[in-house]
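Here's what TrEMBL has on this protein:
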type	residues	note
COMPBIAS	213-229	compositional bias 'Low complexity'
DOMAIN	621-673	domain 'Pre-SET'
DOMAIN	676-793	domain 'SET'
REGION	210-258	region 'Disordered'
REPEAT	333-365	repeat 'ANK'
REPEAT	366-398	repeat 'ANK'
REPEAT	399-423	repeat 'ANK'
REPEAT	433-465	repeat 'ANK'
REPEAT	499-531	repeat 'ANK'
Amino acid sequence: MTALHAFGIVLTSFIIQPYNDAFPSVLKTFSHLQSTCRVRKKSSERKLFAEGAKLSVCVLKMNSYISASGPPAGAATDMVQELPLCSCRMETPKSREILTLADRKCMATESVDGQLSRCQSAVLKHEMMRPSNSVQLLVLCEEHRTGMVKHQCCPGCGYFCRAGTFMECQPEVNITHRFHRSCASVLKGQSFCPHCGEDVSKAKEVTIAKADTTSTVPPSQGPSTPGTSEGRADTTTGGPSHLSLPGEGKADSTLSRAPEAVDGSIPLMCMCNVYAKLTPLSVFHFSHFLLRPKKLRFHPKQLYISAKQGELQKVLLMLVDGIDPNFKMESQSKRTPLHVAAEAGHQEVCHMLVQAGANLDICDEDQRTPLMEACENNHLETVQYLLRAGAIVSHKDGEGSTCLHLAAKVGHFGIVEHLLSTGFVDINCQDDGGWTAMIWATEYKHIELVKLLLSKGADPNIRDKEENICLHWAAFSGCVEIAEILLEARCDLNTVNVHGDSPLHIASRENRLECIILFLSRGADVSQKNREGDTPMECCSQNSKVWSTLQASRRQRETSGDESSPGEKLLNRDIARGYERVPVPCVNAVDSEACPDDYKYVPDNCVTSPMNIDKNITHLQYCVCKDDCSSATCMCGQLSLRCWYDKEPPLIFECNHACSCWRTCKNRVVQNGLRTRLQLFRTQNMGWGVRTLQDIPRGTFVCEYVGEIISDAEADVREDDSYLFSLDSKAGDMYCIDARFYGNISRFINHHCEPNLFPCRVFTSHQDLRFPHIAFFASKNISTGDELGFDYGDHFWDVKGKLFSCQCGSSQCKHSAAAVAHQQRVRAHVILSPSVPCSQCPRTIQ
């Protein structure tokens, strides 16, 4: 049995699979048929199973699905192979010369009993066709193109046989080939059908009246009934085909999508939704089709075209004939049949291609997958099928766009909603331009989509490559509804991009009057200048309505005296210089102090001398999780839990590069870096401080204390000890993190006696207990605008309390001047044991 025949059997198996429960006799009998099948040559026919086999079956009929099949094999197979076959279903690119010669009229010639007549119908398609290479190329009207595809044109003379007397070969029940007796192919004294190579002795001479263009040859099986007496539907026409049963004249049902399985698994598309009890002869025909050798009758390009047009029958035939389902169309950016089927929403064709071995995540030249095509063209059912079949939803194309980006850009609400419901989509994922799905939806004014994304946790303040946020794009598009939604979501109205433009600058430049009015009503700074030194008024045309509105707003502020009061000044749009995933702006509304620059901002801990940190991968403890590490069996999670409730401070072991889990697992938080939007601001009485620009739920990772790792001995000799944080190692030598010269935003977080942050030791890329990361988590719900603070510890105040007092303002402050005076009065009445203060005062974990 050849590989092609084996594929036919496998294909039949998965077609029948959804009906295992409904048709047990089908599978039992079909299995028996395969096991008892023997192919033996005897004269000019093959016996497919042993005599005496009792078959009482109920199977699905394939004949109405198959538009054409290879010629039957026999003793004269070698001779038939040498015969030239027809080219009725092949097209040739259009020719301007032939089209001009035909005067854009159909070139078909009808032959009726020796009388010729020329068709003069208009031509719609300019591609040319011909029944064989011995006939000139013809430009045909739609009616004759259909007749050509149905093999109604004689390959010998090139005339159409639609009326009169001619020969008709019938290799299959639903297929007929027409030709003139004198045009039959002759080889070694024998005559053959010029279409398929069948022996002419099997053809019949028929006569069709001139007014009737259908064959009068009676069906070969069973009595004829209305609807099938002329029912030789060739599937190459692409028209709807009914699934009829051999020996019965009436089709029971048209092709329909199979219902989803009750258990939620992927439903396999079946060949039909009806069944009937067939005779052993019908089973013979069905098996004969699958097991006999066939000639490759189609070019792989035809699979691409049929998949695009949703011609399921032709796709099935070509897959059985062995055409590669992953064939790439060079002239179409190397797209595959699955790409175009998904693009057109042909779910059944997609399923057939996948079952035949099509790669779900195959990419074209633009790195786009079939799932992307279905998402962009709003085919929800196809998207659902491809996802259930295992398509990767996070794949990026050549521009870095995911399925979510593509669907959000064109506003497909249902697609976006379904993608988010899978749980495998990063809602804040950025493409190569830094744009998120939220930015795309904002620019193209998809209001409901913006609401959906915000409700699912999208961050409207993520910046693109030019540091624009969604509010910039709302101003650019002029959608005041989205701009108002974003302002309600606490978008920063005065944030600027890399050019120094605020949303007000962009709205002014784009002449968006409604957005200008909205921004001014929310307190936008009309005097703010960009990097070119232009205010919003200088970005628009003078004497325009936008200019007049901005001018009126400025005069109103001058009259009310608002400019006399000190306003908040943006000193630096990002002190991290782009090293963090979110910018960290610096503002001052208190005095004239400039943005601090007496240190180097670094996003990770650094060293200035060798520390010999153990980073040997073989020393790491790791998990073997295959999920997202949310289960209790995760080894890394178990290590953390054993330490979390100990007498010692909390200790967390995150997953590392030795683990078997994905980089996106849930036990990787601190190593993902800063994700919370923070701001460096000038406080009234504590110098610089840090506040949040978003709500922070309790337990959320906020930031890491980053600086220079130094030894305890090095810390003893450093003059400025204000930024030291002890690592409190119990494993040997003591080490500290000093953020005096190198650090991140955490170096500016002030002490608070009622802290909203607590420090935690975390291990990520290594597990050397001497060098943990110090991560800050929210100890309570923190509201937007609240200052962040943590407890520096008693060791700090034992030394620094002699120099200054705490200014946190808490009612429970322990280190304010009043609290210290009260403690001194208490101590005067208590005898204390002598103690020696440490020479350094590092901040510690409490």
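Quick reminder: no glycine exception, Cβ is built from N, Cα and C everywhere.
Broken down by DSSP into helix, strand and coil, the domain 'SET' (676-793) contains 10 helix, 48 strand, 60 coil. Long-range contacts of the repeat 'ANK' (366-398) within the same chain: residues 265-266, 333, 336, 338-347, 350-351, 354, 360, 404, 406-407, 409-410, 412, 414-415, 418-419, 422, 424-426, 429, 431, each at least 6 residues beyond the stretch ends and with a Cβ under 8 Å from a Cβ of the stretch.
The DSSP breakdown of the repeat 'ANK' (499-531) into helical (H, G, I), extended (E, B) and coil residues amounts to 16 helix, 0 strand, 17 coil. According to DSSP, the secondary structure content of the domain 'Pre-SET' (621-673) in residues is 13 helix, 3 strand, 37 coil. Here the repeat 'ANK' (366-398) is broken down by DSSP into helix, strand and coil counts: 17 helix, 0 strand, 16 coil. Taken together, the residues of the domain 'SET' (676-793) have an average pLDDT of 90.
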